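Engineer: The feature signal peptide is assigned by TrEMBL to 1-22. TrEMBL lists 24-125, 143-246 with the feature domain 'Phytocyanin'.
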Amino acid sequence: MATTRRMFCFVLVMVLMGCCCSAKIYKVGDSKGWTAKHGTYYDWAKRKEFQVGDSLMFQYDGNVNDVTQVSSRLEYQFCNSLSPKAVYNTGHDVVTLTEPGYHFFITSNHSQCVAGQKLVVLVVHDHPIPPPPPPRKIFPFGKDYKVGDSNEWRVPEESDFYSKWSEEKQFHVGDNLLFYYNDQVDDVLEINSNLEFKSCETTSPVAVHNAGQDLIRLTKPGVRYFITSKIGHCEAGLKLRVEVRPLSKSVPKKMQLSPFDRFINWLHESFRPHPHH
Ligand SMILES: *[C@@H]1O[C@H](CO)[C@@H](O)[C@H](O)[C@H]1NC(C)=O
């Protein structure tokens, strides 16, 4: 009994410790701190998984730099610090990441920002979201489509390549899109509207995928739009519009009939009493 209780306390302590130690503080750029070096922060952030509750610590010379948090990828890309979300300038700032999603940091010192003093981090929920049930159970007849077939997801030679690819297919609820691409070059942004699709608007995606191998389920009827955030790539034709049709109910029903059921049906059809006999 005593052993059980001690065991229980031990487990409880471990759980509590787990809770307290889970929020991490990352020193941006490690020993280099927050400074201008091309590619530094891209590589630095790529190897880490940031969770809600973690913090970033920026260490720098406050006389010539600051930490300007901006809202969009576009502001980040163009070092636009005109409408910041937040500005830190003590030279030793700790910024806690309170929401999931992308967080963009630049310096308002424009030349320094252009020289690479900018950071984007993707923050995920601290509790892993339980994976959705396997699609095959819900949609037994879903098909997998490899987007672009052998071209995969990359700038095509013909700018209408993906619209042709999509038009010659019929997508249904339950089907999957598989995006394969070089994650150093492209990503997959899902956007909401035809207008954003036409103008390759990357600022308010509904979902961002950048694993290089993404499976996207088509769970309801309607139109879905996919582009890439790489400048110029969407304009060159790396964009996909997919029309998802409702699951046609009659098809699965018919296909589900076993040979025996079909035999019974055949009996019914053949020996049904005819009214004009
Ligand atoms: C920007 O940074 C450079 C290099 O550290 C510095 O010489 C310059 O004074 C800074 N500009 C401003 C406006 O702080």
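Using the three backbone atoms N, Cα and C, a Cβ is placed for every residue, glycine included.
Automatic prediction, not curation, is the source of TrEMBL annotations.
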Engineer: Restricting to the domain 'Phytocyanin' (143-246), report the mean pLDDT as a whole number.
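Structural biologist: That region's mean pLDDT is 92.
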Engineer: May I have the DSSP-based helix, strand and coil counts for the residues of the domain 'Phytocyanin' (24-125)?
Structural biologist: 20 helix, 35 strand, 47 coil
Engineer: With DSSP as the reference, give the number of residues of the domain 'Phytocyanin' (143-246) in helix, strand and coil.
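Structural biologist: With helix first, then strand, then coil, the domain 'Phytocyanin' (143-246) has 16 helix, 34 strand, 54 coil.
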